[in-house]
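Below is one structure; the comments refer to it alone.
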Amino acid sequence: MAWPLLLLLFSSLAFSHAQLTLDYYAKTCPQFDAIVRDITQQKQMQFPTTAAATLRVFFHDCAVDGCDASILIKPTSFNKPELEYDINQSLAGDAFDLITRIKTALELACPGVVSCADVLATATRNLIVQTGGPHYKVPLGRKDSLVSNVSNVEAHLTRANATVDLMIKKFQLMGIDVKDMVVLIGGGHTIGFVHCKEFANRIFPTPDPTMNPILVERLRTMCANYTNNKDMAAFLDVISPGNFDNVLFKNLMKGIGVLGSDQLLYNDPRTRPFVELYAKDSNAFATDFAVAMEKLSVYQVKIGNQGEVRKRCDAVNNAHA
């Protein structure tokens, strides 16, 4: 990226970020924090996969045109939104249900005030903390996107079989360096899960020789019927899937990474030092993840007339029927 363009990107980011404040809703919706906290806690206790699902939705939202809740918009006869992209079709419903519950409660408490983008960003942070991850600040005041288009997705999201070169390239488009990329992937996958079809090529018909044989057999048993049951999935951290911790990095060093793209992080000399660092130092992982998430959460946020506060999160306010 040329330096003038890079400087423009960061100056724009800094300006947008400066419009956000930690107490944005203190006067207009003082119940904001309590409502998000209570509903998020309840949902995670009822459905423990909610944290992983919401973190994935948040990243898929931010990666495509910024953290603006564009991922939440449902298809209509007039528009194919980001949700129509094949990777996004596997996003888990618990995340969308959580955002709907929170938004409904907020609309009753303070109608037309809180954006869906702020709900998603705050709920994600709360769920990370609830599963054992670090607390980080989430400045507020984002507006919701006015558009969501499936054609915008391909250039930004990576697939399960992505090379390290491609992952680095796509994260760099967001201003995220290699270190932050590794810590964000590790943080997203420590409590994450993935559908069997995304790693089936590593276990059927011939196993990937870099994968631990015991893991291969476990996954083969678990995913035996994956072609008929599209919902079959496995945890990405096979040791402590419900805890936000650094075990995923330790797994990669033992060859028990489920995704090929995760395992490549240990094999590639550009990313391996960070995998080794976070595997041995859980504090470094937590600290660096919190810093990276603060950066990510303000990526290309919409302010002022760049967006709106949606009445409902799955449709823009002037949407066609």
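Here the Cβ of each residue, glycine as well, is placed from N, Cα and C on the backbone.
Heads up, TrEMBL stuff is auto-annotated, nobody curated it.
Given the structure is predicted, the values throughout are model-derived calculations rather than measurements.
Listed in TrEMBL as the disulfide partner of C223, from the options C196, C313, is C196.
Between C110 and the candidates C29, C313, TrEMBL annotates a single disulfide bond, the one to C29. When the Cα of D68 (Ca(2+) 1 binding site) is compared against those of the recorded positions C29, C110, C116, T190, C223, the shortest separation belongs to C116. Every protein chain considered, the tally of other Cβ atoms within 10 Å of the Cβ of C223 (disulfide bond) stands at 20. Each residue contributes its Cα atom, and for C116 (disulfide bond) and E82 (Ca(2+) 1 binding site) these two points are 16 Å apart. Here the Cα atom of C313 (disulfide bond) is found 9 Å from that of S70 (Ca(2+) 1 binding site).
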